[in-house]
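S.K.: Quick one: this structure, given as structure tokens, is what I'll be asking you about.
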Amino acid sequence: MAAALAAAVAAALGALLLAPGGTEPPGDGPAAASSSSFSFSSSSPWGAAERWRPPGVRMDQALLLVRNELPEQGLRLLARCGACHRCAYQLLAVLPPRGDGGPGKAVVVVDTQHPLSLLLSGSLAGSELCKTQYHFGEFGNYSLVIKTLSTSTKTVSCAIVINEGPINSYLPILFAFLVYMGILAILITGRLVMKIDPVRNWVYKKLNPRETDRLINSELGSPNTTDSVSSDPAPHLWSATSRQRLRSLDTFRGLSLIIMVFVNYGGGKYWFFKHESWNGLTVADLVFPWFVFIMGTSISLSLSSMLRWGSSKRKVLGKILWRSFLLILLGVIVVNPNYCIGPLSWENLRIPGVLQRLGLTYLVVAALELLFTRAGADSGTLEMSCPALQDILPYWPQWIFILMLEVIWLCLTFLLPVPGCPRGYLGPGGIGDFGNYPNCTGGAAGYIDRLILGENHIYQHPSSSVLYQTTMPYDPEGILGTINTILMAFLGLQAGKIILSYRDQHKQILSRFLIWSIVMGIISAILTKCSKEEGFIPINKNLWSTSYVTTMSCFAFILLLLIYYLVDVKRLWSGAPFFYPGMNSILVYIGHEVFEDYFPFKWRMRDSQSHAEHLTQNLIATTLWVIISYVLYRKRIFWKI
């Protein structure tokens, strides 16, 4: 039933978001710079969203006709994106002067994702005739009229006129939201109906379902109570505490994973579903650290389980090493696909990646926990001088190690000399910082990767390459950032220790999650000065800055608090549908990467410049992976490493 309903989501999305209506102009003639080149499709339920548009204007762009009433020669129109911090103005067009035939005209295409600052510069260096800021709308048709307001003062006016209004490119998100809310309403209604005894008995009789046993050793170090005793006899059991593992952890992991799949598939090509160009956060920047966080939580629970069941530390260490090796190996394979393009070139092999970083992080955090774990520390049986800190004080050697790692990150980031760059540089390079440091992308982090790994073995198209026009390769999963990924996993490990130290004490667990969230939030506020760009250490996913880790940890503790309360304390939510991909996270992640370009996850679009079509395709692909994970769960198929 759940699979059928999920399939209905895909069908409904296709029907709503791919509603009929022309999206392409009927001819191949050149676009005119006037409003007459546009028309509206009256048959489309999308209204303006299905308007014809001239060739040359792509998604997230608008057409701007510049009408120059001034007679001066050499006028230049420059532009700067509002999201580009400390960027120099870039030349947009050289304007012809007004002549006998009328005003000088120029047609340009402008970006619509962020507000744009327009500057009219005279022939003399540094002369500014007028300046304006405007947020253009997608596929809009605008005119910039430049004229003199007063002949005596020679005051120049730059006025923007709307020839044709833009489309509402966010309507597809609203429709998709309504579709999923409709499916949710159907599920809730079905669950209420199933509580009626005659209905439930009839359904069970027809379907004869078999309850799926929980597989207690999912990947990345999830809590384990059976795997560790498959070969070793257990001297004792968990007794009252040997219950099913927490569904909230798999739900948290699955939620992070599904958002990750969606944004990796394109997120409808909306800018807020892509990674931030440099400083700041978007939806895409949330999911990887959350996945790392819950991995750390699972490490705490799984290692405690293994040791309680009598596994030796040597055996557990062997499993940690093997899992880390497999993650790194799979990562190298996944980020270097050569399915249809011939042999893999070792000269351009990318070494860092998501799974590689997960493998290294898992190795360090799990080994650290195994090395310094103390019997009874996770069950609250040790005598403590300060019981309120029983989830922290027994693990002081681990905290010292993590703090030493953070000191190393700070010293390398702010003290390491980088040729041609200011010491402690955290910027994107390119045209950022007014173009003074074009080859300094990432500062010390980028320099270390290029020095150790080589330019050909790191990511070639960083998120800063579009907005900041950077040309240097930079890898967001590079060497230096791994240190703070370890910090993120360790904070997740702390969440697991809270669950173990205060087992069955829900109020204590929830209150400590809240306290940790507040502490992390305060640290973030101090490091960033509550500013996107002006803090001591800005929030930056590319750098995996300290403030990025503390901010994501703040969010993670709050999110885990809510899911834990709803799923495991009050049991108001089963965790579906996120619970199912959370149980098969490695399979879903690798599968969505490998089959990304294959049907039914991708197909040829009628209009590749439509947010609606991209959103439909990406949501259907993501929904299919939820269906696959549900079917695998029902079939009791789990991919473990």
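Easy rule for this one: first residue shown is 1, then count along the chain.
Every residue gets a Cβ built from N, Cα and C, even glycine.
Automatic prediction, not curation, is the source of TrEMBL annotations.
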S.K.: Of the residue ranges 74-91, 578-595, which one carries the transmembrane segment annotation in TrEMBL?
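M.R.: Feature transmembrane segment in TrEMBL: residues 578-595.
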S.K.: Counting Cβ pairs under 8 Å that sit 6 or more residues apart, are there three or more between the transmembrane segment (578-595) and the transmembrane segment (547-566)?
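M.R.: Output no: the transmembrane segment (578-595) is apart from the transmembrane segment (547-566).
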S.K.: Which whole-number mean pLDDT does the model give the domain 'Heparan-alpha-glucosaminide N-acetyltransferase catalytic' (245-367)?
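M.R.: 91, rounded to a whole number.
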S.K.: Assess whether the transmembrane segment (479-500) lies in contact with the transmembrane segment (170-190), where contact requires at least three Cβ pairs under 8 Å among residues 6 or more apart in sequence.
M.R.: no
S.K.: Check the transmembrane segment (509-527) against each of 170-190, 359-377, 547-566 and return whichever range has the most CB pairs under 8 Å.
M.R.: 547-566
